[in-house]
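Accompanying notes for the structure given below.
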């Protein structure tokens, strides 16, 4: 049991360290892309890279166009996975009340969940099928992507740390110590996906693997192999662009995991201010959840230690009671044997006494009989004379 706890602790430490490294590299990459984009914009149009002259007039959230069918199938499968996690009774229908309770329990927010519920259940029936869930999620993420683009059109400044040291300090302050561990986080599940889709295909909600194809702002291909986070090397062009709010920790049977669904909008460097705010909010939520899980783990460990102490004390008391019972049984057996021996001795002694009394009585009777006979003879002789 202790070995399993320590293995979960080590696995979660690896996941947390890798998550920090990904966020640091992502922030550095995003900062470098912003600087490169600003330098390119300051150059004359004829000195810019071919095909990038009208970049400032292009859509700030450019979609991925390669392998769309595979991405749609993967996104559909991931949406089905999330739907199955919410569908605990496996009847193919999600209860709106249960969906609302998930948001209230894990994020303490009701307004975003109500907006999402209006999208997935526009008729207000209270029961959502997979087709309604898929259409509502697409509508919700598309509208949020449009709001993000409209909000970030007038500003390209993002509040990023200026050095890797500041990145590490910010992550250390947000996540806390590396010792925050809990066995509820399996080592094979990643907390932050590798890539984010930007086209109109169904959103990627990969909860257990990394996915993402296409290119980043600098034209560097993104890593696309769906490997677990702790086994996948960090690609040179990857960047953490958007860490949206999500469904939180969903329980499926006896398994639990902290999952973050993926936004369909891949924000570019000049429209990442809302994404950074949302990322900061998500990091704060993750930090709070880690603190809460750490306190729960400490409480459970203390309770386990007290339970083990109580169990050991009860075991010792049981052994002492068993020894006393054995002693009592031995005393009872010895007492029974002594009682039987005393009774036998009494019986023997009484038998001897009775026999002696019988013999004495018989002797006295014989003596009295002889005396009586003598008296009779004397009386008879007296009559004759």
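Each residue, glycine too, has its Cβ placed from N, Cα and C.
Remember, TrEMBL labels are computer predictions, not curated facts.
Annotated range for region 'Disordered' in TrEMBL, selecting from 81-136, 193-248: 193-248.
When TrEMBL is compared with the stretches 30-58, 262-290, the one noted as region 'Disordered' is 30-58.
Among the residue ranges 144-167, 168-191, the one that TrEMBL annotates as region 'Disordered' is 144-167.
Per-residue confidence over the coiled coil (276-385) averages 88 (mean pLDDT, predicted model).
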